[in-house]
Amino acid sequence: MREALVILPSSSITLPPNSSPTPPHHHRSATAKPKPKLKPKQKPIHSPSQLTSQSPLLSTPRWDSSSQSRHSLKYYAELASKLAQDGRFNDSLMIAESVVVSGVNAAEFAALLNAKIVSDGIVRLLEEGKLRSVVELLTGAHKLGIEPLKLLDGAAINSLSRECKRTMECGDIEEVVSLMETLKGCGMPIKDLVKPSEIIRLCISQRKPNTAIRYAHIFPHVDIMFCTVILEFGKKGDLASALTVFEASKQNQDTPNLYIYRTIIDVCGLCGDYLKSRSIYEGLIAGKFTPNIYVFNSLMNVNACDLSYTLDIYKQMQKLGVPADLTSYNILLKSCCLATRVDLAKEIYGELKHLEIAGTLKLDVFTYSTLIKVFADAKMWQMALKIKRDMLSAGVTPNIVTWSSLISACANAGLVDQAIQLFEEMLQAGCEPNSQCYNILLHACVEACQYDRAFRLFRSWKEHALQKDNCEDLGSKTDNIIDLSPTLMVSGSIPNCSSASPHGHFSTRIPFRPTTSTYNILMKACGSDYYRAKALMEEMKKVGLSPNHISWSILIDVCGGSGNVEGALQILRSMREAGIQPDVVTYTTIIKVCVETKDFKSAFSLFAAMKRYQIKPNMVTYNTLLRARSRYGSLQEVQQCLAIYQDMRKAGYKPNDYYLKQLIEQWCEGVIQNGNQRTGYFSSRNRSSLEPESMILEKVAEHLQKDNANSVSINLRGLSKVEARIVVLAVLRMIREKYTAGDSIKDDVQIFLGVQEVGIRAVRQESVVKEAVIKLLQHDLGLDVISATSRIGNDRNQDGVNNLEKCSNMEEHAQRGILGANMHSPTRRPAVLQKLRIPKESLQSWLTRRLDASIVNDEKHIVYKSF
């Protein structure tokens, strides 16, 4: 065999020829041997450059099975291992490549490598943070056909896992996924290095769906990974990212994966976008694919809030031949519960009973619990108890949800004793109650105004929970126990452990952990005792609970109930200092306190604060402010309430404005009342003439919101005589109040009644309105009224100027608003604008008389009081 000399370009080591000398102990101690003298007929050995030109790395000797070749192969394997130990991975790979290229089996060479010292080198570089070098080693080994796992022992794998996790903790998810892709390409078990859930969690937190898609494609079960990623995005409320992953999952698929469809529909429900779930379902149907029962159930569950749609999906499911299962019926019952359709729930229950008798279905605890909740919400406690009896007869054991619904059914009906009896039955059945059961009982006591009983129950539960059990006969080592018996429930006494007896008194031991809701219910029971409610809030903090918005709102209500408005406002400030931003309930509560104490300024100031903080008022907020006053005394008060009324309508609420109309009419009628007339007088005739759907408030608001009272026009077109009267009086009162404040009258008051075409008899309604307004102004108020008309249309006067162009700017705007279609639709017949005018001199005289009369009345009142 011809001798071969291997020269490493980056090392001073010269590999030995086939003479098989004893391998050195360490490659750094190996020295280049002098070249042997050439024999006369021996060909010279090629130079290193020539060797490199012959092979990319080294010469390619042929290995045979002789012991000498075997010895040389072991030498090269040991040398490659030691180079790797020193972190010289490139040199080690060059040796491995030379051996593999020369014809040696990669697995045979890998078996001769010293995995321990190779792993030591890998661990050392990983500790130095040179992860990239290690990845290059593993990639190179994989390309040569050497399994990377053969180069790593347990310590190296652990070190590589730590380094991958450290890279992930740096937050660069893109780099982490790229690393995982590379390691997966090397054949590394990436699930053992970093848990997939941790990488998915990082993708979710950084909202990077495309990176999550790349990572999912690494695994053979990519569909399962897609479902996991979609669901995790949904739990975070990121529907957009979940939809991105969903669209990626549909690529390169001839048939849809219904499991993924079911998951995305469930995510739509988690994110509250049930309309999107319908769109996804419709896309599936449009593709001529039939959903399975799981997709249908998820779709119905997400849309359970819409009973009609849920029933439609149920019918479509039947048409497509997909048989409903028990879950389908349970979802239908849930939808009936949300829609408070007791009748339909009864029908479904009857159908289920027939199916159960036929052996098709077997009703479960969820079915019975949902039915009980339907009747509980409808306060049909007797029907709820009947379902409970059917449940027990069918051999189904009630769970905590069932018992909670039963207790709630009696509590909603005000049957406190019955609710407590059910609580005892639950304990006897061995079902451990949760905090909701306790809270339902306390709430029942509070709603029944049994405040002392609520506090006695709470005190007994709390003391038994903190009392250490020393009763050996009960055989329990828990410290959190309570002892409930009929006597305890009624009187609230706390029996000793020895009081438990089998003679009619039920005694059991269960944990009691009050929640924030527990304390909130008790705070409601404090009435107007602010200090007691405050003590409960402090106790709540001591036991590790945090007061929520409801807690602070109740405390504000309790404080305001004693008339302490300033204290309620201080609680609101303390709430903000505690890091809890007030919500609509909090603001509504304190606004109600201000209204009840006649502090209207603070109430409207709080309403303005709500708008600044972009907190949307609710129906209760609006009604509280609109019903704040029993009468209006100034223009500003009327404008405030009208502005709230309009804001309420814009928000989509339909106000009951009958009371507000009465107050507005009363305020308007104050123009013609004398100062000695009784407060609250207004015409019952006029009040009865207002229609329920009248837009009089909008008309009044439109006129009163004008800033300039010096140039006033009143548009009465389309109003009845009663509505016209109120609008005119409202404007006159506005003028009077602004005149009293110092504004002067500079122009006439124009009153526009409507349009009449020449040659056509006037509409009777307009004549009635005109007569009523003239009578009001002349007889009731003593004002001069001038009836005038303006011809408008396409005809021109003798000067060739359109009559409309001769009108003042104020009149021109009014005409444009009144005529509307008349101005845009051509007509041969000219129209006449019917209007009234109050001269400014007459208005000035009337205002002066009213002001003098008011001064005289005030002087008489002062003299009368002095007398």
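In case you wondered, yes, glycine gets a Cβ from its N, Cα and C as well.
Annotation comment: TrEMBL describes 8-17 (among others) as compositional bias 'Low complexity'.
Summarising the annotation, TrEMBL assigns region 'Disordered' to 8-66.
Look at TrEMBL and you will find 24-44 tagged as compositional bias 'Basic residues'.
Taken from TrEMBL, the feature compositional bias 'Low complexity' covers 47-61 (among others).
Here the domain 'PROP1-like PPR' (234-356) has a mean pLDDT of 92 out of 100. Annotation comment: TrEMBL describes 234-356 as domain 'PROP1-like PPR'.
Sequence-distant neighbours of the repeat 'PPR' (325-359) (same chain, 6+ residues past either end, Cβ-Cβ under 8 Å): 293, 296-297, 300-301, 304-307, 310-311, 314, 317, 366-367, 370-371, 373-375, 377-378, 380, 387, 394. Taken from TrEMBL, the feature repeat 'PPR' covers 325-359 (among others).
For the repeat 'PPR' (364-398), DSSP puts the residue distribution at 26 helix, 0 strand, 9 coil. According to TrEMBL, the feature repeat 'PPR' maps to 364-398 (among others).
Sequence-remote contacts of a segment are chain residues at least 6 beyond its ends whose Cβ falls under 8 Å from one of its Cβ atoms, and for the repeat 'PPR' (399-433) they are 365, 368-369, 372-373, 375-377, 379-381, 384-385, 388, 391, 440-441, 443-445, 447-448, 450, 453, 484, 486, 489, 506, 508, 510-511. The repeat 'PPR' annotation in TrEMBL covers 399-433 (among others).
TrEMBL lists 434-468 (among others) with the feature repeat 'PPR'.
For 548-582 (among others), the entry in TrEMBL reads repeat 'PPR'. Residue counts for the repeat 'PPR' (548-582) under DSSP, split into helix (H, G, I), strand (E, B) and coil, are 26 helix, 0 strand, 9 coil.
The repeat 'PPR' annotation in TrEMBL covers 583-617 (among others).
Same-chain neighbours of the repeat 'PPR' (618-655): 584, 587-588, 591-592, 595, 600, 603-604, 607, 610, 663-664, 666-667, 679-680, 697-698, 700-701, 704-705, 730, 733-734, 737-738, counting only residues six or more beyond its ends whose CB sits under 8 Å from a CB of the stretch. The repeat 'PPR' annotation in TrEMBL covers 618-655 (among others).
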Contact set, same chain, for the repeat 'PPR' (583-617): CB under 8 Å, 6 or more residues outside the stretch: 549-550, 552-553, 556-557, 559-561, 563, 565, 568-569, 572, 575, 624-625, 627-629, 637, 640, 644, 647-648, 651
Contact set, same chain, for the repeat 'PPR' (364-398): CB under 8 Å, 6 or more residues outside the stretch: 326, 329-330, 333-334, 336-337, 340, 342, 345, 349, 352, 356, 405-406, 408-410, 412-413, 415, 418, 426, 429, 431
Secondary structure content of the repeat 'PPR' (434-468), with strand meaning DSSP E or B: 29 helix, 0 strand, 6 coil
